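As given in Swiss-Prot:
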type     : residues      : note
DISULFID : Cys76-Cys87   : disulfide bond
DISULFID : Cys127-Cys135 : disulfide bond
DISULFID : Cys137-Cys157 : disulfide bond
DISULFID : Cys206-Cys220 : disulfide bond
DISULFID : Cys208-Cys215 : disulfide bond
DISULFID : Cys278-Cys309 : disulfide bond
DISULFID : Cys294-Cys304 : disulfide bond
DISULFID : Cys308-Cys348 : disulfide bond
DISULFID : Cys324-Cys339 : disulfide bond
DISULFID : Cys326-Cys336 : disulfide bond
DISULFID : Cys331-Cys332 : disulfide bond
CARBOHYD : Asn295        : N-linked glycosylation site
LIPID    : Ser212        : O-palmitoleoyl serine
SIGNAL   : 1-25          : signal peptide
Amino acid sequence: MNAPLGGIWLWLPLLLTWLTPEVNSSWWYMRATGGSSRVMCDNVPGLVSSQRQLCHRHPDVMRAISQGVAEWTAECQYQFRQHRWNCNTLDRDHSLFGRVLLRSSRESAFVYAISSAGVVFAITRACSQGEVKSCSCDPKKMGSAKDSKGIFDWGGCSDNIDYGIKFARAFVDAKERKGKDARALMNLHNNRAGRKAVKRFLKQECKCHGVSGSCTLRTCWLAMADFRKTGDYLWRKYNGAIQVVMNQDGTGFTVANERFKKPTKNDLVYFENSPDYCIRDREAGSLGTAGRVCNLTSRGMDSCEVMCCGRGYDTSHVTRMTKCGCKFHWCCAVRCQDCLEALDVHTCKAPKNADWTTPT
């Protein structure tokens, strides 16, 4: 009996992953719906009851989240710009990314983390700009305080990131909290990692007051860093993401390979290896790399060898208008000429198999 039971436990993590329902964050589709909050709340498919309640109760927050979707998707596309999968979105798909994120891959881990971070960033910024009725600047940052440079007064408007994190947790995590499967736990972990990433780059900014800028008095406030810092940080976490399996009681993770460290709350986790994204694959949700621009001189992921998966590339000769002969004129302008520049553009060849054009 021991051998069969041991075999069952060995396969259990894989079974939990395979039996995972098709989890996706339908709130991502808020970017496409737009319009009034009522229209948005009623027409975004797949929202759970608590999400719809928050949506109707806080229309101003929903507007911020909706506007933020474009921001974090753009950041995702920036980070993946030189990779085979480039975080492409599908406007007519309510999951925004299609089937590609149904796989519990490291790409899914990154998207859930960056989207959760994007919600925190968008809500917190809207609070500071006075666009949300239920929050404002951080009320805890008042009076005097002390740092390594001495005593200062809290002033200005400190970003109320705790409100942003609290609302993001309630709204973004709602759907995953209803599930007890492996994918839901993975999403919750990566959502939290994304929220923590934004707070990691909260920085103190100060203004000096005194004769000739002597800084006799200082007024300080806390401000979020540019979202690019969060994106760069999560990109590093993506490259160091840890593959995990469910533990035997189904309540948490353990590393898939004992040589790797146990993931912290800041790490991204994933279950399944990624496809190679070389060819268009309906089931995997991959658009392939045919027609993608590649870099002939690079040795990285954007090189023609890697990007084109060994299929080769086509070269076209193009001309483009560019600025040239720029000169500085006192004071204070830079004047340039318009010049035509000839260059070679290299694009990946399509697979020889004609089935690659099958639409996803």
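Glycine is treated like the rest: Cβ placed from N, Cα and C.
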Distance check against Cys157 (disulfide bond) for the disulfide-bonded residues Cys206, Cys220, Cys304, Cys308, keeping those with Cα within 10 Å: Cys220
Where Cys308 (disulfide bond) falls in three-state DSSP terms: coil
Rounded inter-Cα distance in Å - Cys135 (disulfide bond), Cys332 (disulfide bond): 43
Among Cys208, Asn295, Cys304, Cys332, which are recorded as recorded positions, the nearest neighbour of Cys278 (disulfide bond) by Cα: Cys304
List of residues, in chain order, with Cβ under 8 A from that of Cys304 (disulfide bond) and at least 6 apart: Cys294, Asn295, Leu296, Ser298, Gly312, Tyr313, His346, Cys348
Cβ atoms near Cys336 (disulfide bond) (within 10 Å, other residues, all chains): 11
Where Cys157 (disulfide bond) falls in three-state DSSP terms: coil
Among Cys157, Cys278, Cys294 [disulfide-bonded residues], residue with fewest other Cβ within 10 Å: Cys157
Among Cys76, Cys127, Cys135, Cys137, Cys215 [disulfide-bonded residues], residue with fewest other Cβ within 10 Å: Cys215
Recorded positions (Ser212, Asn295), the one with most neighbouring Cβ atoms at 10 Å: Asn295
Candidate nearest Cys208 (disulfide bond) in space, where candidates are the disulfide-bonded residues Cys87, Cys308, Cys324, Cys331 and distance is Cα-Cα: Cys331
Top Cα neighbour of Cys308 (disulfide bond) in the set of disulfide-bonded residues Cys87, Cys127, Cys326, Cys336: Cys87
Among Cys76, Ser212, Cys215, Cys220, which are recorded as recorded positions, the nearest neighbour of Cys326 (disulfide bond) by Cα: Cys76
